[in-house]
Amino acid sequence: MAAVSLNNVVKKFGTMSVVHGASLEVADGEFVVFVGPSGCGKSTLLRMIAGLEDISAGEIVIGGRVVNDVEPAERGIAMVFQSYALYPHMTVEQNLSFGLRMNGNDKADTQRRVSRAADILRISELMHRRPRQLSGGQRQRVAIGRAIVRNPQVFLFDEPLSNLDAELRVQMRVEIARLHKELGVTMIYVTHDQTEAMTLADKIVVLRAGNIEQIGRPLDLYDDPNNQFVAGFVGSPRMNFMAGTVVENSSSVVTVKLANQGGALLRKPLGGPLPAIGAAVVLGVRPEHFGLAGRGDSDITVKVDVAEHLGSTSYVYANAGGGEELVIEREESRHEASLDRMTVSLRATHTYLFDSAGLRLR
Amino acid sequence: MRSKSSAERRRGIALHAALFPLALIWLFPLWMMFVFSTLPENGIFSRDIILTPSDQFVENFNLLESDTGFIRATTISILVAAAYTFLSVALTSMAGWSLACYRFAGKGVVLATILGTLTLPYFVVVIPQFIMVARDFGLHNTLFALIVPPLFNSLGVLFMRQTFSMMPHELFDAARVEGVKEWRIFLFIGLPLARPAVAALSIILFLHSWNNYLWPLLINSKPAMMTAPVALGSLIGLTKVSWGGIMTGAVMLTAPMLVLFVALQRHFVAGISAGAVK
């Protein structure tokens, strides 16, 4: 087990910078998830930790040792790839033992490690099959097994579940969480699926365009995002955003007029500097934070487009004019599906205010 | 469904009807080569065209053997072609691998140079090559001179580079993370996965060496070092041409290649078309 530190890590391809000074601390035994949209640099960051990409500037420390110039195999890491990267011409057993055999590891020890990994992942009966004879989930297990046999200090996962169907993805997610609990090693996991991030992580690192936007525990990010991007990225369905204008600011309270919501006014207390009158702001509301009409600080009326009934809850997709589409979560009440319009309330304490640059106003 | 299958059948018949005469035209010289190899000299030049084989094959072969030492020449040809194929596949695979898998300074220049050599006709190269190998290095009349100078095959390098480029590089990264040395990644992962391409390339290179006439003719002047095609060529004299012997030799050189091609056809087609479709 080992802690991992990234100090101002930069990655450039030619003159193009793709990671702009990432700094991060991963504690020993922690499960950290890098999450962000495609092209945000999360896989590049992981490959730099693995040693598969050189870093252009900065420092990577694993287990107290600077590893900038250390070969991947010497870093004490093991990596699971998105495509599984199983050697197609070898059996499962040969896949698991390949690295150890090539490095001249003792035969008995290799056998013992392979058996242990197979037991942990329940793939003992698949040992003589080739990758093409395995299902997606089994292949993923073998790929994880290949990482386990190395007894790494740090596991690196590069979108390991993205090739699986929805059901298997949930199953494997649980398996990975179990594995983390069982092995207790540091794990760094890359995904673009925020549900995976929320369910697996001790700590989430949200990336955008090569920058770390926010680092925190899943619920901290959910409850207290630093900016509009994080607020929108974490949570499913995503946070609703409504354009507004500050019409009054006094005594640590701003009044925001929501032009696209029939000019509804919401008074929101803020602790920091208040935006100027006339400033454009964005009000964020999570789908579950819309209340029943008349029960909050301000009401808005929206036109219902579609309602999705999921059993215990339903999601109402509503159009409020000005191109703003809202998703409203309600406890299951089927009669709302037939409504053309509905009125919901906003509660100031359950809203988030962002300035025109997307930064949170607290 | 029924009409579709009958339309397909009609199309198949039409295609075969068109291809069959073409196949006959292609096979006719081969057949006549075989027929001539079984005829006595006066049969080959008789006024009537003889289309069926006779019984003079062994006699023609004995003539060929006594005039040229054809068995020894064939042995040299096999040895040269096998060594050339093995070494050239190894060399082109390694060059293709490095161009496909590594980033290094001047890679573009190297690739462009290799591509550039394709535009040079062999006849531009052969004289300087002969002067260098025979005069400067004094290596004429050696097996080394037969095998080594033509080893570098730019088309083979580009073919193998393409093959390795199309493999998922995560496989190689996975091995790197496991601490596997680069040459072992090449040997145990890259090369086994490139088997169809290697098989196709081997056939092409073997045929190239087997049929090579000009270079062995230039570099070896001793009869004891002749390859089979050169031995056959030596039957064409100023005053006498032994057509029976030439045709027998041609049959003996062609038949094993046909058998080899048919036996390895699956690999050949798979290698050539690998990556063309997903």
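Positions of Cβ are set from backbone N, Cα and C atoms, glycine also.
TrEMBL lists B:12-36 (among others) with the feature transmembrane segment.
For B:70-97 (among others), the entry in TrEMBL reads transmembrane segment.
According to TrEMBL, the domain 'ABC transmembrane type-1' annotation covers B:74-264.
When Cβ-Cβ distances below 8 Å are used as the criterion, the transmembrane segment (B:109-131) is approached by residues 95, 99, 149, 154-155, 157-158, 161, 214-215, 218-219 of the same chain, each at least six residues removed from its ends. Annotation comment: TrEMBL describes B:109-131 (among others) as transmembrane segment.
Among the features that TrEMBL reports, transmembrane segment is placed at B:143-164 (among others). Sequence-distant contacts of the transmembrane segment (B:143-164), counting only residues of its own chain at least 6 positions beyond either end whose CB sits under 8 Å from a CB of the stretch, comprise 76, 79-80, 83-84, 87-89, 91-93, 95-97, 99-101, 111, 114-115, 117-118, 129, 133-134, 190, 194, 197-198, 201, 204-205, 208-209, 212, 215-216, 219-220, 225, 227, 274-275.
Counting same-chain residues at least six beyond the ends of the transmembrane segment (B:185-207), those with a Cβ under 8 angstroms from any Cβ of the stretch are 81-82, 84-85, 88-89, 92-94, 97, 101, 153, 156, 159-160, 163-164, 167, 171-172, 175-176, 257, 260-261, 264, 267-268, 270-272, 274. The annotation transmembrane segment is assigned in TrEMBL to B:185-207 (among others).
Annotation source TrEMBL lists transmembrane segment at B:241-264 (among others). Within its own chain, the transmembrane segment (B:241-264) has Cβ neighbours under 8 Å at 30, 33-34, 36-37, 39-41, 44-45, 56-57, 59-61, 63-64, 67-68, 70, 74, 77, 199, 203, 206-207, 210, 228-229, 231-232, 235, counting only residues six or more beyond its boundaries.
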